[in-house]
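What follows is one structure encoded as structure tokens, with my remarks underneath.
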């Protein structure tokens, strides 16, 4: 039996509708072989400080469990083994990032809430924390899909709660239109290269695989895709996970930590 120790990376996603702890386990060759996610509901930007602390302590409890084990990958069988250790803690890298919800609140509230968030996780090996721009979210989401597809010549449309990122190999644009404000009118939408394959991640396409623009039931989502210059008979590919791994900015961020 040949066991390879995994490098764990934890990315905490403080989103508009909930917070997620994403755990990634990589081999030395940067192959992703372990992925776990733990989630708490509600956008923290809407909560009081003590409510934020209470929610995040749930995610903190999962981090404690990962710290007390070392993870190994058996190459021949592709099995994951965990070995508990009391003497040596697995001091893996952690990143904490807030997205659209925190970008929408005033500066004082934002700073106060960020302090509470950091205070919950400061005992861990926090390498980075802060607020991501929509443009950078889109870039990292594109990087995550590029990593999984092993190619880069495509368009990625990632619709979150309050914003949508449209990304290709040479363009990163964020629009203030998401699943919670899908009927909002937005202007100055840049046309995409309609000859490229298009991958879409949204709540409106989650149960679909390959589909055409005119097959989307949500009128707001359909209108947005047409505004991007996509024809109604353009075939798109819905993605939310690939091989059980969520396709999003947090995977792209974890790759930066390797």
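Every residue gets a Cβ built from N, Cα and C, even glycine.
Per TrEMBL, the features are as follows:
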- 1-18: signal peptide (SIGNAL)
- 137: active site, proton acceptor (ACT_SITE)
- 161, 162, 163, 164, 165: ATP binding site (BINDING)
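Features per TrEMBL, on structure.
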{"residue": "137", "record": "active site, proton acceptor", "Cβ contacts under 8 Å, 6 or more apart": "99, 158, 160, 163, 165, 174, 249"}
{"residue": "161", "record": "ATP binding site", "Cβ contacts under 8 Å, 6 or more apart": "15, 16, 17, 43, 100, 101, 178, 179, 180"}
{"residue": "162", "record": "ATP binding site", "Cβ contacts under 8 Å, 6 or more apart": "16, 100, 101, 104, 176, 178, 180, 181"}
{"residue": "164", "record": "ATP binding site", "Cβ contacts under 8 Å, 6 or more apart": "157, 158, 174, 175, 177, 178, 202, 224"}
I'd like the Cβ neighbour count for residue 165 (ATP binding site), meaning other Cβ atoms within 10 Å of its Cβ, all protein chains included.
26
Helix, strand or coil at residue 137 (active site, proton acceptor), per DSSP?
helix
Within 10 angstroms of the C-beta of residue 163 (ATP binding site), the count of other C-beta atoms across all shown chains comes to 25
Given the ATP site residues 161, 162, 163, 164, 165, which other residues of that chain have a Cβ within 8 Å of the mean position of their Cβ atoms, reported in sequence order?
16, 100, 134, 137, 158, 159, 160, 174, 175, 176, 177, 178, 179
